[in-house]
Amino acid sequence: MATKSNDVETSALGLDDIHETLIEIAYKAGDIITGALPATNGAGSKKNSADLVTEYDRAVEKMISTTLAEKYPHYKFHGEETYDPAHPLTDDPTFIVDPIDGTVNFVHSFPCACVSLGFAVKRIPVVGVVFNPFNQTLYSAVRGRGAFMNRTTRLPLKGESLEPLSGLSNALISVEWGSERCGKNWDTKLRTFARLGQTKDNGGAMVRSMRSMGSAALNLCAAAAGTIDLYWEGGCWEWDVCAGWVILTEAGGIIVDGNPGNWQASLEGRRYLAARASPQAIGQKDIVEEFWSHIEGRLEY
Ligand code: LIP
């Protein structure tokens, strides 16, 4: 069956086959990740001591890129550990991969890390597979076909019983600290976190609470599942969000710019605000606008 979503013609690309291949790869990656013994203080730093890469990130990416190059030699590969700024993402069909999303968690054996395998066409995510091997949870989606947990459970988890979104004061939200710990973006995040948590009498949103999972992909999957209502982050990259993006949107969620006003998030924009599904989309736009109104400053990436 031909699948045409917006301006992306995907019928000739073999998305089902890609989906199956990515799931196989995700399980193989999971075995490497759970079999690893990363040293807490031996991990390599990229930008600073909060931005880590281990030999396992590199080994998993190598396994993924080699497998994909053999099976799909005509599609491009864009991975976190081999990213070269001289070769940015293009409109071509491209695998967009984070071998271990949540590397800090991985290094500390905090069981919230995953392999994130996306496929995008014209920079639109069309297949996504995210696997957390520590709790054996697989999230996956093909554009136009719905999103699933462990292949058979449709997302969001509550299905028909999902309650409408009803504002930030009833919301459990997820935010991330990121690895940039000074400057304008840091100030924007801290001031925004403060306002989100503060009582309404003091100008805040008094969200129910805030979580930080340490993995953009797992944050997006949690919004897809409906176990968090909203997720906001600035500073992560296309490989952190590509797979989770399809999973979230196929589960009825939306993803918009992390700065106020732009309803069309860009895959490479590095600023994202994601909201879970809501029956008939009730309250979805309202909660985004409410969140935007509490951002103190702007994210600049
Ligand atoms: C991580 C993101 C996380 C963000 C971290 C980091 P990594 O990716 O998923 O949401 O806050 O700064 O970018 O480095 O673990 O692949």
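Heads up, the Cβ atoms here are built off N, Cα and C, so glycines get one too.
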Same-site residue for Mg(2+) (record: TrEMBL; known: D98, I100, D101, D240; options: E70, E80, E81, E268):
E80
What kind of secondary structure is I100 (Mg(2+) binding site) part of, going by DSSP in three states?
strand
Chain-mates of E80, D98, I100, D101, D240 with C-beta within 8 Å of site centroid, Mg(2+):
D57, V97, P99, G102, T103, V115, S116, S215, A216, A217, W237, W239
Measure the Cβ-based neighbour count of I100 (Mg(2+) binding site), defined as the other Cβ atoms within 10 Å of its Cβ.
30
Please work out which residue of E80, D240 has the most C-beta neighbours within 10 angstroms of its C-beta, and give that one of the binding-site residues.
D240
For D101 (Mg(2+) binding site), nearby residues of its own chain (Cβ under 8 Å, 6 or more apart in sequence):
A113, C114, V115, S116, V130, S215, A216, A217, L218, W239, D240
